[in-house]
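To start, the structure under review is shown below, and the notes come after it.
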Amino acid sequence: MSWQQRIDSALEQRRTNDSFRIRQVNEQGSGRYLVQNEIRYLNFSSNDYLGMSHHAEVIQAWQQGAEIYGVGSGGSGHVTGYHQAHQHCEQQLADWLGYPRALLFISGFAANQALIAALTEKSDRIIADKLSHASLLEAAMHSPAQLRRFAHNDVQSLQTLLAQPGDGQQLVITEGVFSMDGDAAPLAEIARASRDAGALLMVDDAHGIGVVGREGRGSCDQQQIKPDLLVVTFGKAFGISGAAVLCSESLADYLLQFARHLIYSTAMPPAQACALTAALQVIRRDDARRRQLQANIAHFRAGAEKLPLKLMASQTAIQPVIVGENQAAVNLASTLRERGFWLTAIRPPTVPPGTARLRVTLTASHTREDIDLLLEALYDATR
Ligand SMILES: *Cc1c(COP(=O)(O)O)cnc(C)c1O
């Protein structure tokens, strides 16, 4: 098969099973509203859980940072790209989360790839929750270590895998809140099982950080554990982008030697680090945003449970409505779109076959009325 034939056939396959992905251009899209072709939609697809993407203090911090440092970092952090703004942000993050060190990464995807690649050797085993994010599973598959997946949130299944002896080390991977189902991991039990087996524990809290825990410290604070490696990302509740890894002194020094995504990549713009620090201050002090989000989640659940909808057992901002077939999910999304709601249909391979869904994400920017309007539209579209 030639290159062109291979590419055409892969595209054709995606088209025939209704899983062809496209991007759409928005005039606006991170907050409560999404504007496309001059039409304004209520946005129930954004990960901007706390409505931080348009926060005046954060915007101002980014602008001031750009005036001080310029718009780019100028290089890898290992050469000249590590500025005071990065160091200050890392210190604030480490203080907040109670770790000796924090290291900034350009994205959560990069952080997960870097950590898994830097840590694992051929004789090791990575034991990851079956529903772990693509950035984790993909890195694990590319690593020289063996990947074993435990049944979703099933500590017994994890323990069974941990008990199988091997020559190397074991790395346990899970998430605070799962991105497609919105459910939380039993972190305390997972931490205990990992510790008992002498395994290293890595928790990716992309969807929990900022949203739950005291001062928004996330799922690990909420469940009172401290994993060896905590990955937090800033594209969701922080409303920006980027990520940080929280860990011990020695692990941080180790990553600075061996994490190739840090060494061979331009450091994030220092102005972005200024914005992250400003967002962190707001997130710590502004409990009202978290309360508003929790109230919105409760309001959606109470209303949706009265409708003939297939919901999941999620108590978080991620509220999937399971539809089943790909085309049916796409049709439901487009019916809702005609009525002014922006929701994304999530299809395999992102989720298991036969579980195509609408992924409703709630934020602190939504009002009760926004949610009531969505529930009415869902009722009309599915009855
Ligand atoms: C979004 C997400 C990531 C990727 O983070 P980015 O900063 O967007 O690259 C990683 N892990 C999980 C669980 C996520 O939901």
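In case you wondered, yes, glycine gets a Cβ from its N, Cα and C as well.
Residue environment of Thr350 (substrate binding site) contains 15 other Cβ atoms, counted within 10 Å of its Cβ in all protein chains. Annotation note: Thr350 (substrate binding site) sits in a coil segment as assigned by DSSP. Annotation source TrEMBL lists substrate binding site at Arg21, His133, Thr350.
Restricting the average to the domain 'Aminotransferase class I/classII large' (41-378) gives a pLDDT of 96. Taken from TrEMBL, the feature domain 'Aminotransferase class I/classII large' applies to 41-378.
When other Cβ atoms within 10 Å of the Cβ of His207 (pyridoxal 5'-phosphate binding site) are tallied across all protein chains shown, the result is 27. Taken from TrEMBL, the feature pyridoxal 5'-phosphate binding site covers Gly108, Phe109, Ser179, His207, Thr233.
Residues or ranges marked as N6-(pyridoxal phosphate)lysine in TrEMBL: Lys236. Taken residue by residue with DSSP, Lys236 (N6-(pyridoxal phosphate)lysine) is part of neither helix nor strand, so it is coil.
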Between the recorded positions Gly108, Ser179, His207, Thr233, Lys236, which lies closest to His133 (substrate binding site), Cα to Cα? Ser179
Nearest-integer angstrom distance between the alpha carbons (Cα) of Thr233 (pyridoxal 5'-phosphate binding site) and Thr350 (substrate binding site): 20
Counting other C-beta atoms within 10 angstroms, the emptiest spot among the recorded positions Arg21, His133, Lys236 is Arg21
Taking the Cβ of Thr233 (pyridoxal 5'-phosphate binding site) as centre, how many other Cβ atoms lie within 10 Å? 27
Any idea of the Cα spread of the substrate site, Arg21, His133, Thr350, as a max distance in Å? 18
